Amino acid sequence: MTQAEKGDAENGKEKGGEKEKEQRGVKRPIVPALVPESLQEQIQSNFIVVIHPGSTTLRIGRATDTLPASIPHVIARRHKQQGQPLYKDNWLLREGLNKPESNEQRQNGLKMVDQAIWSKKMSNGTRRIPVSPEQARSYNKQMRPAILDHCSGNKWTNTSHHPEFLVGEEALYVNPLDCYNIHWPIRRGQLNIHPGPGGSLTAVLADIEVIWSHAIQKYLEIPLKDLKYYRCILLIPDIYNKQHVKELVNMILMKMGFSGIVVHQESVCATFGSGLSSTCIVDVGDQKTSVCCVEDGVSHRNTRLCLAYGGSDVSRCFYWLMQRAGFPYRECQLTNKMDCLLLQHLKETFCHLDQDISGLQDHEFQIRHPDSPALLYQFRLGDEKLQAPMALFYPATFGIVGQKMTTLQHRSQGDPEDPHDEHYLLATQSKQEQSAKATADRKSASKPIGFEGDLRGQSSDLPERLHAQEVDLGSSQGDCLMAGNESEEALTALMSRKTAISLFEGKALGLDKAILHSIDCCSSDDTKKKMYSSILVVGGGLMFHKAQEFLQHRILNKMPPSFRRIIENVDVITRPKDMDPRLIAWKGGAVLACLDTTQELWIYQREWQRFGVRMLRERAAFVW
């Protein structure tokens, strides 16, 4: 037999063997993809949109983008009828500023700030010489603006074609005389539900849908009809409202038309974006500051707290301090959008946390409002530039009275669509389990409550017990759970815990105390040690010169002595990998899109349509 004949015979045998395997049901080997795996992953990531919605700024982009598009998270809606009263959501102004006690609280807070400034020595070993506002006021009151140009170069948004809505920068630059309402759909990290026009849940969701759809079309150049080919990664706050998250997911999948979604927490995404596995995340935003401890991709529930102040409060405080020093731009109004933009710019330009910068300094700034001449102002400032950012550590300086300033992680209100929510599980527990829980409640209530103290030691265990056991029980539910005196005792214990929580949440914790409290709520000393060794600051609210050294000094001085002895270094990171701290969380969302484990987290449109909120309980990477 020739070589050619032998080859033909072998080929024939191979083909026969393949046919035999097919008949037996043996799977054929998968044909290797024509596109290399790395390129496939890139193509897949290019069809994932990462959305990080903030109170003031929306960050949105493809997972493959180096940087996201950042636009003001605001919408202007045209009036349906002429003559309607204008409605504008406030930016720098907020509830609780004009109470009778506000000014006294502001002054007391400023005294604490001044005491802290004086007590810390400069790097040369001497103490700072305080500068009173009177020293700058006499000079500033004489200052008059110089006209740089009769045209500022900025213009109001053209509304001659009567658009139904305007988004982002265009909404900010709508002429106040035009018939448009201004809405910021997210306030202090939550949906901006309020009793005024456009304040219902439906209206807020409609505003968000319009803003996000506009951004996707304009900045990502994706036609809305093509969103069925795209998937979305949505970043949510660590302390989230389940109802709001459910509605946002429904909007993204069913109304905007994305094919799938992954929902994840900002803090965990910040660790992905920074490349750190375990760290205490301090997210200082424009309107809220959130603190929590993240370990190996898990945000510890008991360590989460949200403070109802941020960068915009520092801007408003800086304006108040400049007014005391005779701020020469006397027409400045906190109700004017252009003036709010100016004050934000002045804060970012002049404020710092450097103890070595002291005495009076000369500064200048320009005002370029639309349809107005360009003006140049010169003025002097002293300690005001340091006092304003220090208000983050002494929030009484903000002068906010009668508002809930600290939020802990609470048990949710329950969802009728979710058959496994906590309320349902509690209602179906056996009598034995309920009795055991009641006994545990009484024991925990008998222990002293330490919220009034320094928020350390035994007191830190209380929020953990509260979160684990806090239930909203009516009298009828209480009677069902246990009989007679047991029911009364349990309700008394519950009320005492709720009183402790309300007292704690009424206080405005300083940033350093909030960090210490969060770390102190960790379950083990090893975890606490990890968190003290790595504190990551993200967001744009603490982007001041020398903020890293300042925060590090505050934490070192206030941390428990037992940890001070064993921790070699408290590492405060404000710019991981030299990245903009405002973009870290978004970048982490983009990293999440590329992880292999993320494949298990996707919730697809058909699944959501069929199972609804149950998919979040099944697929979310955190405890829903």
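Using N, Cα and C of the backbone, Cβ positions are placed for all residues, glycine too.
Look at Swiss-Prot and you will find SER55, THR56, ASP283, VAL284, GLY285, ASP286 tagged as ATP binding site. Within the same chain, the residues at least 6 positions away from VAL284 (ATP binding site) whose Cβ sits under 8 Å from its Cβ are GLY310, GLY311, LEU392, LEU511, VAL537, VAL538, GLY539, GLY540, GLY541, LEU542, listed in sequence order.
Among the features that Swiss-Prot reports, compositional bias 'Basic and acidic residues' is placed at 1-25.
Residues annotated as N-acetylmethionine in Swiss-Prot: MET1.
Marked as phosphoserine by Swiss-Prot: SER132 (among others). SER132 (phosphoserine) carries neither a helix nor a strand DSSP state and counts as coil. Annotation for SER132 (phosphoserine): same-chain Cβ neighbours under 8 Å, separated by at least 6 residues, are GLY382.
The phosphoserine annotation in Swiss-Prot covers SER412 (among others) and rests on similarity to another entry.
Feature annotation from Swiss-Prot assigns region 'Disordered' to 1-29 (among others).
Annotated region 'Disordered' per Swiss-Prot: 430-460 (among others), in sequence order.
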Site extent for ATP, whole Å (max Cα pair distance, SER55, THR56, ASP283, VAL284, GLY285, ASP286): 14
Nonlocal residues around SER55 (ATP binding site), in sequence order (Cβ under 8 Å, 6 or more apart): HIS73, TRP184, ILE186, ARG187, ARG188, GLY189, GLY285, ASP286, GLN287, LYS288, GLY310
Which one of the binding-site residues (ASP283, ASP286) has its C-beta surrounded by the most other C-beta atoms within 10 angstroms? ASP283
Which of the three DSSP-derived classes (helix, strand, coil) applies to ASP283 (ATP binding site)? strand
Ranked by the number of other Cβ atoms within 10 Å of their own Cβ, which of the binding-site residues THR56, GLY285 ranks first? GLY285
Cβ within 8 Å of the mean position of the Cβ atoms of SER55, THR56, ASP283, VAL284, GLY285, ASP286: remaining residues of the chain near ATP: GLY54, GLY189, GLN287, LYS288, THR289, GLY310, GLY311, SER312, GLY539, GLY540, GLY541
